[in-house]
Amino acid sequence: MPPPQGDVTALFLGPPGLGKSALIAALCDKDVETLEAPEGRPDSGVPSLRAAGPGLFLGELSCPPAAPGPWAAEANVLVLVLPGPEGNGEPLAPALGEAALAALARGTPLLAVRNLRPGDSQTAAQARDQTAALLNSAGLGAADLFVLPANCGSSDGCEELERLRAALQSQAEALRRLLPPAQDGFEVLGAAELEAVREAFETGGLEAALSWVRSGLERLGSARLDLAVAGKADVGLVVDMLLGLDPGDPGAAPASVPTAPTPFPAPERPNVVLWTVPLGHTGTATTAAAASHPTHYDALILVTPGAPTEKDWAQVQALLLPDAPLVCVRTDGEGEDPECLGEGKMENPKGESLKNAGGGGLENALSKGREKCSAGSQKAGSGEGPGKAGSEGLQQVVGMKKSGGGDSERAAALSPEDETWEVLEEAPPPVFPLRPGGLPGLCEWLRRALPPAQAGALLLALPPASPSAARTKAAALRAGAWRPALLASLAAAAAPLPGLGWACDVALLRGQLAEWRRGLGLEPTALARRERALGLASGELAARAHFPGPVTRAEVEARLGAWAGEGTAGGAALGALSFLWPAGGAAATGGLGYRAAHGVLLQALDEMRADAEAVLAPPEPAQ
């Protein structure tokens, strides 16, 4: 088995406003995930990172305000993005020049890019000559220069962009044979991230720094999902209900019908994007919708005021690949959820509950259940689809039977052509009524219809709308709880300072517990929203929740204190990975170690799961 190849990072450095983000987006595939700096910290001095392909990551950092030197030293390839003579400030800032010279001295490949803008006074040839002279005067004449024409990233067949892409891939292929992999079965923190943690501990902002690193590690391996919500009205209402937002909340979709496809990333998992897509009145999607990015969505929710018609279904077909999930929400609330999505159970074609399917039968039953949900009977709410499902949709084809002979003779002579076949007509996609309590059946159907990686991303991105969804999401969060627990110990042990371990434990756990509380729909605003929707008395749902909130530093310290006896065990557990950091582990820096942090997380998650189940339980019928 050949050893794993290394991972290469190309860092794009330059002043803000030169189109670095657009350039990286043009070089990358749309299905990869970007790790952005945390919201509210635009000048955090930490690069964003995006995967351009197997083993190649493209980073971006604006200098100023960030200092380029430390990050340039970490890069395997350095790309300078330079302004034109019309730009404000110096064409090449001293700090950028020094970082580039140091990179050349280390033997780091150096590239330079000049982005032409619409209205620039220089031609491409003039810009090339002017930029080459600038590089020569700074001692950087060895850099490969690329001059990109205006709107190069948004047009196909840009020759200079393809040259740049080929140069990056060529450098990456050469370096991957020499560099170690950035990830090989475990999460690794780079020196720059550890330095940022230590700096934040000394100057403030430790919780924000750790939360950003944690969310970045979580999202690095998370699937991208583009989910379209298309219709002529009320698409914003459906998006906000799925995201658990009120109109006017940050990130909420407006009530007005969009004029073009508009993205709304999930607040906790921005790799899951809900798109509001307007539909035209001529029987097809509007030109803007059909030509927007992405060209095809991973799944689509059609929003109609009543029962969908054949024309409604035909309008959205161009926005989807043939096998992509398609479903409808009718906003009048009429009809029932499809029968195959009953709460807590799903029947396989033979009527056996999944709970009775042992061993490998569970996967087979789930697969058959998915087929039944997509091709099975649609009762009330299915409307006027392209065909009728159910018993009327079955056509009996009677095979030829040979006469004479006994049962054994007929059995021996039986062939596939002689059997009786049942042909199912293609059923319309399922239709879910919009109810005040949310769309739990729709969310469950989407998770079953999507590929596993995207289904998992959707599960973590949306707040649960039913007790079973809360249990499923809590189980997924529990399976990933080792990441934040290990991260606190890694950060503290790799940069041992007195008190840093305890500070990392408290800051990271506080941020993680607060995120889980939001993700499970236990914030006061979420509870009040559900109370209003269901017509419950104010405070009724809050009384069912017992996990203390908001998550305070004192609460986290108290929970960690209860685990104080686990500190030694936590340090021993970290000893298995002692080659990654100085001896002593988290215990040497005052932290409680992996086991304690993990125990606090799991205990709190169990409490929050119980609260979410209680809050989402169906209201008792009025007497």
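Cβ atoms here come from the backbone N, Cα and C positions, even for glycine.
For the coiled coil (155-180), the mean pLDDT of the prediction comes to 75. Residues or ranges marked as coiled coil in Swiss-Prot: 155-180.
Within 10 Å of the Cβ of C152 (disulfide bond) there are 22 other Cβ atoms, across all protein chains. Summarising the annotation, Swiss-Prot assigns disulfide bond to C152-C158.
For 223-449, the entry in Swiss-Prot reads domain 'IRG-type G'.
DSSP assigns T203 (phosphothreonine) to a helix in the three-state reduction. Annotation comment: Swiss-Prot describes T203 as phosphothreonine, evidence class a large-scale study or a structure entry.
The region 'Disordered' annotation in Swiss-Prot covers 334-393.
Residues annotated as motif 'LIR 1' in Swiss-Prot, with experimental evidence given as evidence: 186-189.
Residues or ranges marked as motif 'LIR 2' by Swiss-Prot on the basis of experimental evidence: 421-424.
Remark: C158 (disulfide bond) has L148, P149, C152 as non-local neighbours, by Cβ distance under 8 Å and separation of at least 6 in sequence.
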